[in-house]
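Features of the protein shown, as given by TrEMBL:
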- Asp290: active site, proton acceptor (ACT_SITE)
- Arg292: active site, nucleophile (ACT_SITE)
- Arg213, Leu214, His215, Ser216, Glu217, Gln234, Glu256, Gly257, Arg258, Thr278, Thr313, Lys318: GTP binding site (BINDING)
- Cys218, Cys229, Cys231: Zn(2+) binding site (BINDING)
- 172-334: domain 'GTP cyclohydrolase II' (DOMAIN)
Amino acid sequence: MAPPVSSESARARRAAKAIDALRRGWPIGVEAADGVLNLLPVETVDLDQHLSSRSEVKLLISSSRADTLKLLNQRASADPALPVQISLTYAATAEEIIAIADPVLDMQHPMKGPFLSEELAHPEAAKTAMELARHGGLLPAFLVMDEPAEDKLRIDDVTAYADSNALVISAHAKLPVAADAKAHIYGFRSEADSTDHVALVVGERDETTPVVRLHSECLTGDVLGSLKCDCGPQLHAALGQMSEANWGVLLYLRQEGRGIGLINKLRAYALQDQGFDTVDANQRLGFAIDARDFSIAARMLDLLNIPAVKLLTNNPEKVEGLEGCGVSVEERLPVKIAANPHNEYYLDTKRDRTGHKL
Ligand SMILES: Nc1nc2c(ncn2[C@@H]2O[C@H](COP(=O)(O)OP(=O)(O)OP(=O)(O)O)[C@@H](O)[C@H]2O)c(=O)[nH]1
Ligand SMILES: [Zn+2]
């Protein structure tokens, strides 16, 4: 028999359904206290089909995108985090709409507009939409619709989704790896989020505090050997350090691109090709510098019955994130990786702009 669905879990599922809908280009309605904001994601919707039937197009874009487009001064509200709604005063093509949404195309499409920015009918719903786009790994840009969407969610559904602690260990097996032929892997499944995380236990578990690393997914660095970042070498150095300790646990968190998703990270790379650093690139795309939430790692440690860790990291936010969730970080162990000509600037930026201790 299926377990009873708590209201918290029902809310998280509603947000998950909305994120799924956005990835497929389907409309969603975000309910606020004062009405519903009906939206279609610019990135995934069939724009040609959509545009053929309308004379007016309204778009919701992030505050930083509006800043780049020099639209912030037209806005009545003083809240810098508020998205901006614009109305196009000409018959825009799909290509033009995508160019408004995607900062990577700014050099190809330097002239945009004219636009009128409009008062937001539902400011809180608009903020929630930006958060949903990030969870879905999409550009934070939407068409604002008059037609009511079938799939509706409420603002606090997204909070329930982000805070969902319904995580279970779904699989456990031996996984001989180069660092330890006797390693074990645990697979975790979350009720709200379709992403699966894993923990690799290296060495023989005993009463001592394990050496732990929270490693956020980096497909380009971990798998392809990208020289732009330090992820791959850090991952392997961490496994090496664990194999020399009594025991260690690597939590491989599926938080690609510091939580903005693979495609958005590749967009950030394209902006870096144009001269922006890793921090500015994220912001230009309309995202936080670091969108990760390390509470998922704390829940994984809890399920593994690990209350205290020695944490391998240069990032003070990982220490604070775990301690804030009740995990005792007995020691921070730095992970030192030699820089190369391609990641030197990235590592300097992490030190100078995001407080990494290198
Ligand atoms: N958005 C974005 N993400 C990046 C970029 N370069 C690397 N990443 C991601 O950054 C994350 C790096 O994760 P970690 O190595 O766990 O974390 P860290 O914050 O560097 O901290 P420590 O390595 O523990 O010191 C991965 O998810 C990468 O995909 C970038 O230029 N932009
Ligand atoms: Zn990386």
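Positions of Cβ are set from backbone N, Cα and C atoms, glycine also.
Note on proximity: of the recorded positions Cys218, Cys229, Cys231, Asp290, the one nearest Glu256 (GTP binding site) is Cys218, by Cα distance. Cβ neighbour counts within 10 Å, taken over all protein chains shown, single out Arg213 as the most crowded of the recorded positions Arg213, His215, Arg258, Arg292.
Cys218 (Zn(2+) binding site) sits 13 Å from Arg292 (active site, nucleophile), taking the CA atoms of both as reference points. The closest partner of Thr313 (GTP binding site) among the recorded positions, by CA position, is Cys231; the full candidate set was Cys229, Cys231, Asp290, Arg292. Cα proximity to Asp290 (active site, proton acceptor) (within 10 Å) is found for the following binding-site residues from Arg213, His215, Cys231, Arg258: Arg258. Proximity of the recorded positions Arg213, Asp290, Arg292 to ligand 1, judged by a Cβ distance under 6 angstroms to any of its atoms, singles out none of them. For ligand 2, none of the binding-site residues lies close by, meaning a CB under 6 A from one of its atoms; the full candidate list was Glu256, Arg258, Thr313. Restricting the binding-site residues Arg213, His215, Cys231 to those with a CA within 10 Å of the CA of Arg292 (active site, nucleophile) leaves an empty set.
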